[in-house]
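Q: Following this message is one structure expressed as structure tokens.
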Amino acid sequence: MTTSLQDGQSAAGRAGAQDSPLAVQVCRVAQGKGDAQDPAQVPGLHALSPASDATLRGAIDRRKMKDLDVLEKPPIPNPFPELCCSPLTSVLSAGLFPRANSRKKQVIKVYSEDETSRALEVPSDITARDVCQLLILKNHYVDDNSWTLFEHLSHIGLERTVEDHELPTEVLSHWGVEEDNKLYLRKNYAKYEFFKNPMYFFPEHMVSFAAEMNGDRSPTQILQVFLSSSTYPEIHGFLHAKEQGKKSWKKAYFFLRRSGLYFSTKGTSKEPRHLQLFSEFSTSHVYMSLAGKKKHGAPTPYGFCLKPNKAGGPRDLKMLCAEEEQSRTCWVTAIRLLKDGMQLYQNYMHPYQGRSACNSQSMSPMRSVSENSLVAMDFSGEKSRVIDNPTEALSVAVEEGLAWRKKGCLRLGNHGSPSAPSQSSAVNMALHRSQPWFHHRISRDEAQRLIIRQGPVDGVFLVRDSQSNPRTFVLSMSHGQKIKHYQIIPVEDDGELFHTLDDGHTKFTDLIQLVEFYQLNRGVLPCKLKHYCARMAV
């Protein structure tokens, strides 16, 4: 180390020796060379005074001692010598000392049914499921695994479910700059319903299974066939297709296979020479048409569309139209399973796995939604007891609800409120409007659209004002993928006003009692009321 420093200084001295012999002599004195001349004998220094000569010698001695002191200090030992010589140094350093979080963030805006919105700054690799969970926690909603993000393309009237494993930031990257597109958050009860009741979504006249599945087919067997990577059932039926670049529609017989969607050029023949490829699915998504008749001139309101992922114009759309809602649901569900079947099944079975934005603790729901974790309790006696009989538990729950409302009415009556029918109806109206399933003044068509958007599975319902009969109500519900409407008739008994669905055989003092009764009992309805349609703010 000392030698290299001296060599460097000697080299520097030699480089400047041609121009300045004085610099060479001073450098030798500073380095303590034995052959250095006396400063008095060096040309150019003979004019220095003795005082100046002594000062120069002292400065040179101090410089010499300082250099020697620096050179003699031992180097600081390296506490991790193996990291300096290891070929894996960079890998270990990156693992042991990670850099600051470099995940890119992006702002996305999510809308609700009432058009309120919330802007979120999220990592670019966050999934749609994580975005739903963040909004659920922020708004203190109960997570029942039905909350869903929807991609809404306003300018062409299309909408689709953003699957739980998809990245919303990628969805936004496919939008055009000037397009008025939105992400909506709402419930979709039909999102994974086909895993529970596959035959409900795939009617026998539209599905052809392999020969080995002839005979009785259990839901488990049907599900295994749809999730199989080697075979896939053939979906077939008539559809209306919009001709490319034209406004006209043409009816043809279509076949859905693993290789794509085909139509027959000769009736219902499925011979290879008669089949022509209509679209494949590797670079496209399936959308529901919201206003097919108005925007695209569709012959029926049950339209859907195959749209490429890239931003494009209406010419890139593959517009289709079914004869009924059940047929459209079958086609759309089959295409979803064909594209992401096993991934959708994993999303359904393990909704809280694979989070990218937060850990499992911060993303856990604030309230448990598992019915198995709740027990019915009876506190009427001196000691509380668990009610084991389910029938008794339901009856106790109904009785407590009725008693609560009765006490509330008595409190209102004691304060001089409702003896008059008009005052009583005003109180009931205030109670009804506080319920999430009550939608007040919406039309029949709007009620149908709302139920379809939130998944037309059996038992999805809402209550609204009747447009044809003032001061009465209508129960709108879905069953068999059809929307049905039931008039809630007001009846009077002993001067009191009641509500009924069965001509007075079962009477209720308000709509809350009516809804709770039919949530527990089928009665005159085709099925029990299971899921209510609500417009939640984000």
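Just so you know, the numbers here start at 1 and follow the chain as drawn.
Cβ coordinates come from backbone N, Cα and C, glycine included.
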Q: Out of SER52, SER373, SER434, SER478, report back the residue that Swiss-Prot marks as phosphoserine.
A: SER373
Q: For the domain 'Ras-associating' (104-190), what is the mean per-residue pLDDT, to the nearest integer?
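A: Across the residues of the domain 'Ras-associating' (104-190) the model's pLDDT averages 92 on the 0 to 100 scale.
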Q: Summarise the domain 'Ras-associating' (104-190) by DSSP state, stating how many residues are helix, strand and coil.
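A: Across the domain 'Ras-associating' (104-190), the residues distribute as 18 helix, 33 strand, 36 coil.
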Q: Within the domain 'PH' (232-340), count helix residues (DSSP H, G, I), strand residues (E, B) and coil residues, in that order.
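A: Helix/strand/coil tally for the domain 'PH' (232-340): 27 helix, 46 strand, 36 coil.
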